[in-house]
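Structure first, commentary second.
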Number of protein chains: 2
Amino acid sequence: MAISYPTPRKSHEKKIDRSNLGMTLESDIEVTNQYYYDKKIAVIHKKPTPVQVVNVSYPARNKAKIVEAYYKTPSTTDFNGIYKGHYIDFDAKETKSATSIPLKNIHQHQIDHLKAITEHGGIGFLIVYFKAHNEYYLLPFDVLYNAHIESQTKGGRQSIAYQTFKEKAHLIPFSYQPRLDYLKIVDQLLIKPS
Amino acid sequence: MAISYPTPRKSHEKKIDRSNLGMTLESDIEVTNQYYYDKKIAVIHKKPTPVQVVNVSYPARNKAKIVEAYYKTPSTTDFNGIYKGHYIDFDAKETKSATSIPLKNIHQHQIDHLKAITEHGGIGFLIVYFKAHNEYYLLPFDVLYNAHIESQTKGGRQSIAYQTFKEKAHLIPFSYQPRLDYLKIVDQLLIKPS
């Protein structure tokens with residue numbers, strides 16, 4: 001029997017590679033965001049996973065119980081918020097490949113959304129985790145967009161090379177607290193826009 | 001950057017009876033946001049309603065079906081996004097009362113969230129619909145916060161009076177397109193912060 005899994009957002013039930021931490025990229029970011037919030041550094045939240053509710057039952061005196069629903073494709077990115085007065089917007093992606101991340105991992109509507117965001121003066125990017133290297137990168141939207149445009153051309157590359165990350169993205173330090181200090185990279189972008 | 005609003009056509013200038021439209025405050029805002037997006041005025045989205053998924057089944061060859069889930073209390077407000085480089089954050093409330101809106105309609109975590117947002121340089125507010133008057137108001141966060149603080153004091157008022165809206169909030173024009181032009185009010189707030 002073919003088993004199809006939901007979009008790996010609520011991946012708590014899935015087997016996780018990072019056995020030491022038992023955490024996913026997403027929860028690493030959420031822990032980081034909580035740290036930023038507690039320290040009054042930034043207010044950045046993950047949006048809830050969108051669900052199409054079809055049927056709800058009301059067990060006696062209990063709260064509404066959803067008995068039929070389906071995961072929907074998000075129309076935006078997963079994370080947004082405010083940092084030093086700037087609108088911040090990003091998505092998190094991971095790849096097992098040591099050499100590249102396939103562009104099919106990044107949906108057209110996410111490209112469109114981030115493009116709109118940056119056009120309105122926001123800061124848009126991806127956080128990409130290369131499992132094989134155990135490295136996290138902040139990929140500025142303009143680098144992503146250029147790769148996306150190239151992929152639309154005949155014979156154009158359909159992925160972003162690891163080498164491109166080395167050259168044009170920014171390695172995010174992974175530490176105890178905050179776990180993934182991506183705003184340190186945003187600080188650099190604010191000083192010297194790419 | 002000057003934003004030019006389209007001149008409403010004569011036939012649409014008359015007041016619109018909401019009962020004919022069969023729409024809710026929330027969908028009025030979503031229609032407005034779509035207009036803003038299409039016209040490249042702003043990018044503002046409603047966050048999905050958070051759902052706690054307990055059980056998922058996988059019918060053969062079908063996508064994941066959620067068979068047990070519950071609504072969760074949102075930890076933030078419903079709407080956020082970017083306008084002229086500013087982070088925008090708000091919630092929508094409606095009241096049947098002609099004289100006030102009860103403060104219990106506004107959760108503590110929403111107050112906390114909007115407070116954090118404004119401290120970081122964002123623009124936070126409520127859009128409040130007084131059904132009895134068929135009027136929509138943009139209530140700046142500082143007015144909400146003052147009312148909230150008063151409600152915490154002994155014998156303090158537990159609602160915000162309609163009169164306070166007349167004096168300290170901003171009437172949002174309701175028209176055909178955009179339906180609820182709340183960014184016109186935000187423009188005023190940007191020029192003269194309250």
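Keep in mind that glycine also has a Cβ here, set from the backbone N, Cα and C atoms.
Per TrEMBL, the feature Mg(2+) binding site maps to A:THR76, A:ASP78, A:ASP91, A:GLN110. According to TrEMBL, the site 'Transition state stabilizer' annotation covers A:LYS93.
Location within the structure of each feature annotated in TrEMBL.
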residue: A:THR76; record: Mg(2+) binding site; DSSP (3 states): coil
residue: A:ASP91; record: Mg(2+) binding site; DSSP (3 states): strand
residue: A:GLN110; record: Mg(2+) binding site; DSSP (3 states): helix
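Within 8 Å of the centroid of the Cβ atoms of A:THR76, A:ASP78, A:ASP91, A:GLN110, where the record puts Mg(2+), the same chain has further Cβ atoms from A:LYS47, A:PRO74, A:THR77, A:PHE79, A:ASP89, A:PHE90, A:HIS113, A:LEU114.
Using a 10 Å Cβ-Cβ cutoff, A:THR76 (Mg(2+) binding site) registers 22 neighbours. Closeness to chain B is evaluated for the recorded positions A:THR76, A:ASP78, A:ASP91, A:LYS93, A:GLN110 by Cβ distance, with values under 8 Å counted; counted residues in sequence order are A:THR76.
Long-range Cβ neighbours of A:LYS93 (site 'Transition state stabilizer') (same chain, at least 6 residues apart, Cβ-Cβ under 8 Å): A:ILE101, A:ASN105, A:ILE106, A:LEU126, A:ILE127, A:VAL128, A:TYR129.
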